[in-house]
């Protein structure tokens, strides 16, 4: 009897142990399955998160690239417009400078021609005046010389009946005539002093050429007024 009871208890204990082992195995399988499911979900979640992160980064990169491209295009366009404006301004400035230089050159040419014309006119007038004075002086000298020769001739003829004292007086008179001719030439060219002009041409303010002749039986005088 005791053996049967022991066997029954041993079987019951073994059955309980098997049942517990089966339950433990089932629990372990459930936990393993649950862990596998969680791992799968975690992996899927991580994969989804990585995909979303990559897509977001891709979108941001694309947006950044587009913004940079747009900015570069705007910068290039702005630089192009500024370069064009600068070139136009420089061209306009160069044109204005060239035009101003042309106008100044033209004005300088006009002034040079005007100065040349004035100088030519002045030289022409001066040359004509000198020529006239020289002609007047030559004419006066010629007339004076002719008068002196005539006077000398007449004096020589009259000297035949005169004394030596009269001949001496005649020689002095000829000397004075020669000096008068020299003073007249100086006066003609404006080289005479104011005192000489007053002495030889009293009351005269302009240069005039004239020859007068006074004749008396014993004396002849030639004077330039």
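Every residue gets a Cβ built from N, Cα and C, even glycine.
The region 'Disordered' annotation in Swiss-Prot covers 1-167 (among others).
Summarising the annotation, Swiss-Prot assigns compositional bias 'Basic and acidic residues' to 28-39 (among others).
Positions annotated as compositional bias 'Basic and acidic residues' by Swiss-Prot: 49-61 (among others).
The feature repeat 'LEA 11-mer repeat' is assigned by Swiss-Prot to 53-63 (among others), with a curator's inference given as support. For the repeat 'LEA 11-mer repeat' (53-63), the predicted model reports an average pLDDT of 90.
Sequence annotations record features per position, and here Swiss-Prot assigns compositional bias 'Basic and acidic residues' to 71-83 (among others).
Taken from Swiss-Prot, the feature repeat 'LEA 11-mer repeat' covers 75-85 (among others), and the record attributes it to a curator's inference.
If you look up Swiss-Prot, you'll see 93-119 (among others) marked as compositional bias 'Basic and acidic residues'.
Per DSSP, the secondary structure of the repeat 'LEA 11-mer repeat' (97-107) breaks down as 11 helix, 0 strand, 0 coil. The repeat 'LEA 11-mer repeat' annotation in Swiss-Prot covers 97-107 (among others) and is backed by a curator's inference.
The compositional bias 'Polar residues' annotation in Swiss-Prot covers 141-153.
If you look up Swiss-Prot, you'll see 154-163 (among others) marked as compositional bias 'Basic and acidic residues'.
Residues or ranges marked as region 'Disordered' in Swiss-Prot: 193-225 (among others).
According to Swiss-Prot, the compositional bias 'Low complexity' annotation covers 205-225.
Taking Cβ pairs closer than 8 Å, the compositional bias 'Basic and acidic residues' (49-61) reaches no residue in its own chain that is 6 or more past its ends.
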